[in-house]
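Please read the structure below before turning to the comments.
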Amino acid sequence: MALNDGTVGVDTARQKGESHSLSVSATSSQQCLLSSHRPLVMASPRLKYLSLGVLVFQTTSLVLTMRYSRTLQAEGPRYLASSAVVVAEVMKILTCVLLVFKEHNYSMRALNSLLRQEIAHKPIETLKLAIPSGIYTLQNNLLYVALSNLDAATYQVTYQLKILTTALFSVSMLGRRLGVYQWLSLLILMAGVALVQWPSESAAAPEQEALSAGSQFVGVTAVLVACFSSGFAGVYFEKILKESKQSVWVRNIQLGMFGLVFGLFGMLSYDGERVRESGMFQGYSTVTWTVVALQALGGLVIAAVIKYADNILKGFATSLSIILSTLISYFWLQDFDPTSVFFMGAVLVIAATFLYGYEGKPSPNPSRA
């Protein structure tokens, strides 16, 4: 959530003996990791339900609007996905700079001093962010590829595999231990995603069916690569955060700087000719700008509310997002024909999400004689 999604919001737990649980945004394209978080802030029921609404809105809206924007039939050329990634990075950098500016009482001198000290004077620390930033840029571009070839519901369910990849990378890179319920949930998760991708019978013409199968393969491949990149980059970034005391917003600025460089390189390499012919903002519309804003700012919003959401609430958010994506894809976008096998797989994925966040109650102390 990612998170969400180059935008990363992490509260690292530093107390010894504290248990950890992974919680990654359903829109990792957001490049936003919310893992290993500190103990939850005690919040009123109203605040918790508000955070639930924000999580569901962010998780669902980006995927649906992006899918809509990539399938919308409009006059003129379609907007360039590589250009949207670059614009989102610029928007994210500006937002994080404003947040740092606010943290320092709107002092321009303090802002300049902090950026020089933390970025310019620490080149090695800054360069460490090049690896996750490059992976996050790739992940953002893959999100557009996936949603150009998959309906929103199938994407939402399949992308939950990032829970599996993040867990495996956490075990191997951070030495984190998973409980029995978590390992069981990962097995259920894999079974659920396999059912969602199970081929269904179609009455379409052979040529159209072959084209659909090819598009499905491209979309699923993009999602799988994005899941692995999300898991590795998120855990790598978490490891960096735990080894330093730098502000998370400054880290996001560093990520955004590298992401902007990588994004520009990718745009000029892949779409350079079209950019020279019609400019990088070709095909932009209100829907396009909405997608860019959701991609750039959604992770920051989630980072602000996630501390009020426990594992059950986040499970509800994921479940509601999958259900909403399914309903809207079927009734509004009309690009999704659900089957009983899909519903069975979706139920397993939702159950796995809840089970992964389940924390068993400690056994009671034996009574004293």
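Any Cβ shown, glycine's included, is placed from N, Cα and C.
In TrEMBL, annotation is done automatically, which means it is predicted and not curated.
Here TrEMBL flags 1-23 as region 'Disordered'. According to TrEMBL, the feature transmembrane segment maps to 47-68, 80-101, 178-197, 217-237, 249-267, 287-306, 313-333, 339-358.
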Counting CB pairs under 8 Å, which listed stretch among 80-101, 178-197, 217-237, 313-333, 339-358 touches the transmembrane segment (249-267) the most? 80-101
May I ask which of the stretches 47-68, 80-101, 178-197, 217-237, 339-358 has the most CB pairs under 8 A with the transmembrane segment (313-333)? 47-68
Long-range Cβ neighbours of the transmembrane segment (339-358) (under 8 Å; 6 or more residues past either end): 21-23, 153-154, 157, 160, 163, 167, 181-182, 184-186, 188-189, 191-198, 200, 311-312, 314-315, 318-319, 322, 326
